Amino acid sequence: MSADGGGIQDTQDKETPPEVPDRGHPHQEMPSKLGEAVPSGDTQESLHIKMEPEEPHSEGASQEDGAQGAWGWAPLSHGSKEKALFLPGGALPSPRIPVLSREGRTRDRQMAAALLTAWSQMPVTFEDVALYLSREEWGRLDHTQQNFYRDVLQKKNGLSLGFPFSRPFWAPQAHGKGEASGSSRQAGDEKEWRGACTGAVEVGQRVQTSSVAALGNVKPFRTRAGRVQWGVPQCAQEAACGRSSGPAKDSGQPAEPDRTPDAAPPDPSPTEPQEYRVPEKPNEEEKGAPESGEEGLAPDSEVGRKSYRCEQCGKGFSWHSHLVTHRRTHTGEKPYACTDCGKRFGRSSHLIQHQIIHTGEKPYTCPACRKSFSHHSTLIQHQRIHTGEKPYVCDRCAKRFTRRSDLVTHQGTHTGAKPHKCPICAKCFTQSSALVTHQRTHTGVKPYPCPECGKCFSQRSNLIAHNRTHTGEKPYHCLDCGKSFSHSSHLTAHQRTHRGVRPYACPLCGKSFSRRSNLHRHEKIHTTGPKALAMLMLGAAAAGALATPPPAPT
């Protein structure tokens, strides 16, 4: 048997047809047989596939037809500008490619399995040609062979192409991309591809390389289960024809919307990588995020756009759920309530963080001092004590702070603003926490009890300072004399004795003191006791002397 343009002309091969390996061991003999049958010299003999038409043979040649009728050799030049595309899914080595017959010849299952095994062991790439199997040929393969065929294609091409004879049921819409240089060329290309899209390429038909490049039109999409998959056109012919594969309908047939090459966007260079951005899935709090399309993938024009704007402040958001959460800052709505203390929050994440306070869990530990914290942000702020980092700077006096809240409190000293007002006594404060602490003086609430003596305090800092009376801890040390104190205020007052500072003066006699408590003790002298009575008498005498008019001169 011979073929035009470099057919196999080895008489030895005619006498000894290639053996079919055992079905249970398909990987043993087929590659060696293919290696013996494929010559390596004729690499530039033909530019397209052309097989010898079937001819009548004598009875003596029936055995030869049995061996060569199942499959034949199709020469293809290596490095030519034209490639033969049979089916998307499998790539075959060049220069000579085994092609399954389309002439209705008898197909053997074992031969198909052996052929697939040979393809899996050949160094192929997707730049070579692919092979189509007709629906009838695919049906002759058993379930194991079909799975093996898919595995081979996935390993070689890196893509899940599904069945080789029809569009995959999950294939997305692949917009047809391609431009024709002239009306005559466009008509010729359309004629060629129209025949190719029906299933198989006819023997001797030429296939343009520019259409093969349409295999690069891979589009990402998101399934209903939230998984991102990649789809490709079932064949490059469909992309060139402007046809696309849609998602499967209830009937099991893929949708085929009508598209024309004129309405398709221009095809980018096949050598340039194309990037696709899939929007991240929002968390549970952000359910109801807008999705575009049946599969939930936002179009390129919607990616990065903030189309949801607040009517009050004009702030933009990419998701509607984010806008709903933001509106609560204007309305004051707090739908998430703590079941332990009744405190309410505008976000569910804030409630979860708050509930750690009641459980007492402190999973975040400082590696330097082994101190534990209930929140990761608190640990980060604590670690700045060890590193000395102060990232927050006042824009007026350049003073630096480790916490943002401390900076906000400090900035109130420059502006004098006290936005938090007590509704009972109208006293104003720079921080809301200071207002909450102040309101306990009106309500008498003391939520911090001492576990040792049961004494209660309105502020947590007072409880911490009180606990030192039980433990005897004195963490504040004077740098001048080394004396230690349990309260920082005691250390501050003690340091004035070294510096001679006396900021507290008596308004009656002008005497100064270094501590406020000493001033209060001194003021009692002017109001009570024998000294106070003597002062009152002296004051009255002095006042009477001033009030008595002088005697008239004689």
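Using the three backbone atoms N, Cα and C, a Cβ is placed for every residue, glycine included.
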May I ask you to name which of Ser40, Ser62, Ser292 Swiss-Prot has annotated as phosphoserine?
Ser292
Swiss-Prot lists as SUMO2 cross-link, out of Lys219, Lys334, residue Lys219
With Swiss-Prot as the source, identify the stretch among 170-192, 239-261, 308-330 annotated zinc finger.
308-330
Of the residue ranges 98-120, 121-143, 420-442, which one carries the zinc finger annotation in Swiss-Prot?
420-442
Any idea what the model's mean pLDDT is for the zinc finger (336-358)?
89
Quick one: DSSP breakdown of the zinc finger (448-470) into helix, strand and coil?
11 helix, 4 strand, 8 coil
On the DSSP side of things, how many residues of the zinc finger (476-498) fall into helix, strand and coil, could you say?
11 helix, 4 strand, 8 coil
For the zinc finger (448-470), give me same-chain residues lying six or more residues beyond its boundaries with a C-beta closer than 8 angstroms to one of its C-beta atoms, as numbers and ranges.
437, 440-441, 486-487
If you run through the zinc finger (392-414) with DSSP, how many residues end up as helix, strand and coil?
11 helix, 4 strand, 8 coil
